[in-house]
Every structure is written in structure tokens, then in C-alpha cells.
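Here is the structure we will look at, set down as C-alpha cells.
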Amino acid sequence: MSCIHLVALLALCLGAVAANSNHLPGGVNLNERFFNQVRALIKRRMQQKDLQSPQLPLVDDEVALQNQRSYDNVPIPAASVPTPVLVENWPTEQHSFGQVTAVSVDPQGNPVIFHRADRYWDVNTFNESNIYYLIEYGPIKEKTIYVLDSKTGAIKSGWGSNMFYMPHGMTIDIHGNYWITDVAMHQAFKFKPFGSKPLLTIGKRFRPGSSVKHLCKPTSIAVATTGEFFIADGYCNSRILKFNAAGKLLRTIPQPPEFLSLQVPHAITLLEHLDLLCIADRENMRVVCPKAGLKSSHGEGEPAATIQEPDLGRVFGVASYGDIVFAVNGPTSMLPVCGFTIDPRSEAIIGHWGDFKNPHSMAVSVNGSALYVTEIGTNHQTNRVWKYVLA
């Protein structure tokens, strides 16, 4: 079932479900707010089918900074938004990866994956205090990072053996530095390519915590061109930490008077032109985009742009493309698992694409020509990378 067809199904089933149950499968409350969201979604889909989106007026950065909210609400022209198109038979050869938890793209345009090799995260991996059970087994002996060829998907090089225990997030910045999170070590790292020792470390090794010096199962990192970076401190603390280039903590999101409750911020991406940080707020089943504060602290703490529609489900991955966001959901009750194109300005889903089983992360190439999505599973056929061209 496609995401678009789901809208019609929701419309047909709405009355019957309301009459027989107070909850959807998975514990999602069918309150009045949910019904209003469904009605609004159906209305928007009908309008998208019949109407052409208005053209976006030109606004300079200074005006946008002073009047961000009104600027954000202007829809992006539909004609300017690329549609991800699957590249068939990519990669051209089959790989035997472990759970592919992250993908990024280096400055040369090569997709790079981060995988767990023979490790799996299950109920026996951590105790109730979030301490990693399997420290005695040591780090993963295999290479955990592979650089792939963008045309064929063949492995060009690899590194990261005997370094990581439970890989999760990876981002490559414009200078080619690797920013990595390990949920077992409760740490985030900055590496040079093929580096054996980190240039920067955030968090205490194997010591989860909620203080400013600790992390607890961090999930993702976003790096600005200014050198500032954000860590999604993800599974336990459900917060975002903002640092300067030297690793000094600048801000915690959310913080008073900011009213923003996060539940497992699973992935983050920056829209620097709009000065927004967009968050895959997984268990709240939405994407939220608070002010990043890269250009100015003006607007920090204001209500975040929020994208939450009934077909979105649990959001696992987000990636920026100009002023739009691509996202993928994961298994969520009876909802289809697919990709979404999101306009943070109008706080709306403006496109659907793809068909997945269990996607975990995504990344857009440096030149904006390709989009990569990873999936995790139980064997090499379900642990894979998909390539889409943005046409």
C-alpha cells in the first residue's frame, strides 16, 4: 500500500474505528486532534492534486532573519522540489554488511556506510541502567566503515576495525572529517578519515549519564559550515546538545522557555539557509525544526516548526536538500514504510516516495544529485543501501 493510498483508506475507516475503539494499534490515541489531522491531510492531498503551488517570493537573508516565521510559512514551489527515483541494480555487486546504521557522503561524492558487522542490538545488550553488557567481548574486529563507489556501489576502501562497540550515527563534514556516535560507549567522536584516534571526544567511555559531561546512547550528529555541531543525545536523555567547534557546550535543546518535548531524537539535519535544525523525533512520530542559532540567537526558544501527520509514523532518518527535508519512517503499526518530502516552511509533507522494510538512516550527496537510504535487518540481504537520483 502506498502512502498516498493510505489517505483514502483512513478516510473510509475513520468512522468505523471511532465507533469501535479508542486507540489505534500501537497505542496511538484517536482523540479529536487525530481526527482533525486526518481531515486536514485529506484536504491537503486533494488540493495538491488540483492546485499549483504558488511561487516563492525572493526574500533576502536579513529580512528572513527578522521575520522568520512568516518567511517559513511560504510554500516551496512544487516544480522546484526533486523527486527521488530509485537506481535499479545498485550496488552492482552484493555486499555482506552487518546492520547498516548510518550513511553519509564524503566531499568526493562517495557514499560511506557505518555498520555493526556481527553485532546486534537486542534485549540482552544493555541493562536497566543503560550499561553495555558485552564490554568483555571488546570492540568489533572487522572494519565498520566502508567507502563505496557512487557509480557501482563497489567497496573502495574501509577502516574502523577494533574501534567501535555498537555503531549508530555517522556524518561527514565539508572538510571530510567523520563524526561518529557509539551507543555502547555513550560517546561521540570526530575523526580524520582513516584515523585511529579521535580528534575530539564528547561523553564518558561506557558511563551513561545526563550531566553536561555525559551522553547516553547518542544517535546522530549534524555539523554546520561554521564548525558548530549538534549531538542528538538520543535514546535516554532525549535532548540535543549544541557545541562550538572546539567542543564547548553552547546550548541544550530544549531549554526554558522553550516548550519542546522530544522522545528519542533519532536523527538530525541542518538547514543553514533557514537557520533550522530538523529532528526526527521518533517516538513522537514527527519532525520538529527549532531555531539552530547559527546566524543569531534571535528566535531561540520560539515554537519549533512541526510536521506531524497521520501517515508519517515513527521517523528514523532525515536529510536536508536546500530548504527541504527528506525523511523515512520505520515500522509503525499498519502504516506504510516509505520516504517523505517535507517543507518546514509550510510545516507540511509535500511528497511521498520509496518502499522500505526497516530503514534507519539517509544522506544527500554533496552536489545534491543523489540520495542514499540504509536498512537494517538480520542478514546481508536486508542490511543494505539504496541509491536514489534526485530528478
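One is the number of the first residue shown, and numbering goes on along the chain from there.
Placed from the backbone N, Cα and C atoms, the Cβ positions cover glycine too.
Per TrEMBL, Ca(2+) binding site is recorded for VAL103. What TrEMBL records for ARG116, TYR235, ARG282 is protein binding site. Among the features that TrEMBL reports, Zn(2+) binding site is placed at HIS168, HIS266, HIS360. The disulfide bond annotation in TrEMBL covers CYS216-CYS236, CYS278-CYS289. As annotated by TrEMBL, repeat 'NHL' applies to 203-246. The signal peptide annotation in TrEMBL covers 1-19.
A map of TrEMBL features onto the structure.
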residue : record               : Cβ within 10 Å
VAL103  : Ca(2+) binding site  : 27
ARG116  : protein binding site : 22
HIS168  : Zn(2+) binding site  : 28
CYS216  : disulfide bond       : 20
TYR235  : protein binding site : 21
HIS266  : Zn(2+) binding site  : 26
CYS278  : disulfide bond       : 29
ARG282  : protein binding site : 26
CYS289  : disulfide bond       : 26
HIS360  : Zn(2+) binding site  : 24
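Using a 10 Å Cα-Cα cut-off from HIS360 (Zn(2+) binding site), the recorded positions that qualify among VAL103, ARG116, CYS216, TYR235, ARG282, CYS289 are VAL103.
A straight line from the CA of CYS278 (disulfide bond) to the CA of HIS266 (Zn(2+) binding site) spans 11 Å. If you compare Cα positions, the residue listed as 'Ca(2+) binding site' sits closest to ARG116 out of the recorded positions ARG116, CYS216, CYS236, ARG282.
In sequence order, the recorded positions near HIS266 (Zn(2+) binding site) (Cα within 10 Å of its Cα) are TYR235, drawn from ARG116, CYS216, TYR235, CYS236, CYS289. Cα-Cα distance from TYR235 (protein binding site) to CYS216 (disulfide bond): 7 Å (rounded to the nearest whole number). Comparing the Cα of CYS289 (disulfide bond) with the Cα of every entry in ARG116, CYS216, ARG282, these being the recorded positions, the smallest distance points to ARG282. The CA atom of ARG282 (protein binding site) is located 15 Å away from the CA atom of HIS168 (Zn(2+) binding site).
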